[in-house]
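Only one structure is covered here, and it is reproduced in the block below.
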Amino acid sequence: MIGARVVSQREVSPGYFLLKLEAPEIAHQARPGQFVKITAWEGRDPLLPRPFSIHEVKDSHLWILYQRRGLGTKLLSKIHRGETVWLSGPFGRPFPLPEEGSVWLVAGGVGVAPFFFYAGVLRTHNIPFRFFYGARSKGDLLRLKHLQSLGKLRIATEDGSLGYQGFVTDLIKVQLEQEDRPKMMVACGPPGMLSAVGQIGEAYGIPTYLSLEAFMACGQGLCLGCVVQRRRGGYLRVCLEGPAVDSREVALDKLS
Amino acid sequence: MTNSVELGELKLPNPLMLASGTWGFGETLPRKILSSVGALVTKGLSLEPRTGNPPPRLSETPCGLVNSIGLENPGFEVFRNRILPRLLALGPPVIVNIFGESEDDFFRLAEGLAETGIAGLEVNISCPNVKKGGIAFARDPEGVFRLVRGLTSVWERFFSVKLSPVGPVEEVALAAEEAGARALTCANTYPAMTVDLSRGTPRLHLGGLSGPAIKPLTLRLVYELSRKVKIPIIASGGIMSARDALEYLSVGARAFQVGTAILIDPEAPRNILSELDVALKDR
Ligand SMILES: Cc1cc2nc3c(=O)[nH]c(=O)nc-3n(C[C@H](O)[C@H](O)[C@H](O)COP(=O)(O)OP(=O)(O)OC[C@H]3O[C@@H](n4cnc5c(N)ncnc54)[C@H](O)[C@@H]3O)c2cc1C
Ligand SMILES: Cc1cc2nc3c(=O)[nH]c(=O)nc-3n(C[C@H](O)[C@H](O)[C@H](O)COP(=O)(O)O)c2cc1C
Ligand code: FES
C-alpha cells in the first residue's frame, strides 16, 4: 500500500463522485481495465480496502469514478483535497486491444467508469470504437459532456429521457443489424446486462469481454474469494483472470 | 538475526509464518515478502483436487472477514509436481497443511509428502470425518487421538495439529499431545454466517470468521492451552501488527501466523517483522 494524496474530489451527480489522486507509481503502470484498492479510513472497520476501476490516468494522476453505496464509499466520499488515502495496485488484466477492426464499448450505470481510460488509449492506438451507454434516466448518466468529447456515443435510457428508449442491450441489437459489426465488444455494468451482452456477442459471433464484479478481499489471487463459475466447470478468479473475461469462459446464467 | 525460534526439532529463522489459505501459492507475491518469513504454511491440500464452493465465498463483518472457500485446491499430484518445487526454492521452511475426509486420506498424504523436502505438516482437523457421519474431527477427541497416533507411524518429523477454536478444544489439544503431535496451531477460523437481509436468507452459511474480530477470543484460548500442554503453540487469529503478535507471544505462543492481514496488505508480514525486531530490542 502506498499513501496517495487527494488532489480533488467532487460529487459529479447526486451520489456519484470523481476522485483525483496523485500516485505516480501506479499511474505509470496502469492500463485500461485494471483496478486499484483504496482504504480511506483509520482503524479496522471496514476491514477490507475497496476495489475500484481506474477511471482515467494522466501523468502522475489517476481518477476514480464511484457510486456511494455502503460504509466504505461513504467514508471515501468524505475525504477532502490534501488528505491521504491508502492505495494499492494496479491489479487485474487490462482490457484487450484488437489488432484490427473496431471495438464497441458497452456501459451500464457506473460501469462506465473504466471506459474513459480505455477510450483514450484506443484513440492513441488509432483503433476505431463506438461507445454505448445505458442508464435508468438522463440524470443517471455520468460525465456526459466529457464522454461526448471522447468519441461516437449512443445513449439508451430506460425511461426514454435521453437517446434510445430501452436497455442498452436492445440498442446494440438494433445497431448490429444496421451497421458494420465490430471485431470485439467490451462491456461493463450490472450482472444482468453483462450476461445479455455476452449472449448477443455469441449470437453474432463477436468476441465479447465482460468486466465482472465480485466481492474481493486480496484483489491479487491469494484468497480464492472472488470467483465466478466457469462455463466448462470450476471457477475463475475475477481479480486475476479478470476483471474482463471472454464471455465464453463464463457461465452467463450464474452471474448475479 | 536473534529472532530465531525452535519448535521441537524445527528451527525457524523467525517466529512469523504465513497462514494457510491466505497467500495463494505465492504466485503473485513479491519474492522478498515470501523469503523473509519464518515459514510458509500452504493452502489446505487434499488427495484429490477440489473445486471449492460456489460464490459468494466472502462476507465482511465489523473488523472481520467470513470466508467459505470450500478448501479449493489442485490436489496432491499437481501440488507435488508443479507447485511444491517452486515453494521449496523460496528459502523458508515449507509446512504443508493437509486435510481429508478419513484418517486414511491424511496418512496417504503424509506418505506422499515424506520424501519431498518439506519441513513439516500442519494437520487441519476442522474438516468433516465422513466415516463418522460428517462430524468434524475436531469435535471428537478420541478420533483426533487415533488420527494423530496413526500419523506418527507414517510421518516422523515435525507436524502441528491445527485446532478448531470450537468444540471440546482442551480435550482435543490434550489428545493430540498425548498421541504425539509436536505442536499445536491455535486456531482455525470461528464457524460463522452472514445474512442477506434483502432476501431474508443466509449469504454465507458455512463460513469461518477471521481477522481482528477474533483476536481476543483466540488469545484467551492460547493462554488457557499453554497452561495445559507442553508442546509449543503456534498462534493464529487476527494478528495485524507486531503488538498483536507480542500479545500472543507473551501469553504462551512460541510462534505465530499472519493470515487475513496479508489479504489486506501483502507487506504486513514484513512490517510486523521489522516492528517486532525493534520491540524485542527495546525489552
Ligand atoms: C474490479 C472492481 C472494480 C470496481 N470498480 C468500481 C468503480 O469504478 N466504481 C464504483 O462505484 N464501484 C466499483 N466497484 C464496486 C465497489 O468496489 C463497491 O461498490 C464498494 O466496494 C462498496 O463498498 P461499500 O463499503 O461502500 O459498500 P458495502 O456496504 O460494503 O457493500 C455495498 C455493495 O458493494 C459490494 N462490495 C462491498 N465490498 C466489496 C469488495 N471488497 N469487493 C467487491 N464488492 C464489494 C457488496 O457486495 C454490496 O453489494 C468495483 C468492484 C470491483 C470488484
Ligand atoms: C481466505 C481464507 C482461506 C483459508 N484457508 C485455510 C485452509 O485451507 N486451511 C486451514 O487450515 N486454514 C485456512 N484458513 C484459516 C487461516 O489459516 C487462519 O488460521 C485464520 O484465518 C485465522 O487467522 P487470521 O485472523 O490471521 O486470518 C483460511 C483463512 C482465510 C481467511
Ligand atoms: S480477491 Fe482474493 S483471489 Fe480474488
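Each residue, glycine too, has its Cβ placed from N, Cα and C.
Note that the structure is a prediction, hence the values are computed from the model and not measured.
Per TrEMBL, these features apply:
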type     : residues                                                      : note
DOMAIN   : A:1-97                                                        : domain 'FAD-binding FR-type'
BINDING  : A:R50, A:P51, A:F52, A:S53, A:L65, A:Y66, A:Q67, A:G72, A:T73 : FAD binding site
TRANSMEM : A:103-122                                                     : transmembrane segment
BINDING  : A:C218, A:C223, A:C226, A:C239                                : [2Fe-2S] cluster binding site
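Feature annotations (TrEMBL) mapped to structure.
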{"residue": "A:R50", "record": "FAD binding site", "DSSP (3 states)": "strand"}
{"residue": "A:L65", "record": "FAD binding site", "DSSP (3 states)": "strand"}
{"residue": "A:T73", "record": "FAD binding site", "DSSP (3 states)": "helix"}
{"residue": "A:C218", "record": "[2Fe-2S] cluster binding site", "DSSP (3 states)": "coil"}
{"residue": "A:C223", "record": "[2Fe-2S] cluster binding site", "DSSP (3 states)": "coil"}
{"residue": "A:C239", "record": "[2Fe-2S] cluster binding site", "DSSP (3 states)": "helix"}
Which one is it: of the binding-site residues A:C218, A:C223, A:C239, whose Cα lies the shortest distance from the Cα of A:L65 (FAD binding site)?
A:C239
Suppose we call a site close when its Cβ is under 8 Å from a Cβ of chain B; which of the binding-site residues A:Q67, A:T73, A:C218, A:C223, A:C239 are close?
A:C218, A:C223
Those binding-site residues in A:F52, A:Q67, A:C223, A:C226, A:C239 whose CB falls under 6 A of ligand 3, listed in sequence order:
A:C223, A:C226, A:C239
About how far apart, in whole Å, are the alpha carbons (Cα) of A:Q67 (FAD binding site) and A:C239 ([2Fe-2S] cluster binding site)?
20
Please work out which residue of A:Q67, A:T73 has the most C-beta neighbours within 10 angstroms of its C-beta, and give that one of the binding-site residues.
A:T73
Considering only the binding-site residues A:R50, A:F52, A:Q67, A:T73, A:C223, which possess a Cβ situated under 6 angstroms from at least one atom of ligand 1?
A:R50, A:F52, A:Q67, A:T73
Among A:Q67, A:T73, A:C226, A:C239, please name the binding-site residues whose Cβ is nearer than 6 Å to ligand 2.
none
Listed in sequence order, residues not in A:R50, A:P51, A:F52, A:S53, A:L65, A:Y66, A:Q67, A:G72, A:T73 with Cβ within 8 Å of the centre of the FAD site Cβ atoms:
A:I38, A:I64, A:R69, A:L76, A:A113
Spatially closest candidate among A:R50, A:F52, A:T73, the listed binding-site residues, to A:C218 ([2Fe-2S] cluster binding site) (Cα to Cα):
A:R50
Rounded to a whole angstrom, what is the C-alpha distance between A:F52 (FAD binding site) and A:C239 ([2Fe-2S] cluster binding site)?
11
Distance [Cα-Cα, Å, rounded] between A:T73 (FAD binding site) and A:C226 ([2Fe-2S] cluster binding site):
19
